[in-house]
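Structure record follows, encoded as structure tokens.
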Amino acid sequence: MSSLTPLLLRSLTGPARRLMVPRAQVHSKPPREQLGVLDITIGLTSCFVCCLLPAGWVLSHLESYKKRE
């Protein structure tokens with residue numbers, strides 16, 4: 001059985017290797033206005049508060065979730 005596995009996998013992936021996948025030609029323009037330091041700071045802080053703060057709170061209170069009351 002184990003000697004047939006590579007042959008089976010090769011026969012399944014063989015046709016997929018020959019497919020040509022077209023690549024998109026994506027071009028963008030330069031930004032209309034440059035972001036300042038304050039804008040970047042506000043954006044990174046809001047991402048931190050929205051994503052990492054709740055996860056950190058849950059991880060810090062993990063022991064209280066494990067207790068059965």
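Here the Cβ of each residue, glycine as well, is placed from N, Cα and C on the backbone.
Per-residue confidence over the motif 'SIFI-degron' (2-19) averages out at a pLDDT of 71. Sequence annotations record features per position, and here Swiss-Prot assigns motif 'SIFI-degron' to 2-19 based on similarity to another entry.
Counting only same-chain residues 6+ beyond the ends of the topological domain 'Mitochondrial matrix' (26-36), none has a CB under 8 A from a CB of the stretch. Look at Swiss-Prot and you will find 26-36 tagged as topological domain 'Mitochondrial matrix'.
According to Swiss-Prot, the feature topological domain 'Mitochondrial intermembrane' maps to 61-69, an assignment based on similarity to another entry.
Feature annotation from Swiss-Prot assigns transit peptide to 1-25; the stated evidence is experimental evidence.
Marked as transmembrane segment by Swiss-Prot on the basis of similarity to another entry: 37-60.
The DSSP breakdown of the topological domain 'Mitochondrial matrix' (26-36), given as helix, strand and coil counts, is 0 helix, 0 strand, 11 coil.
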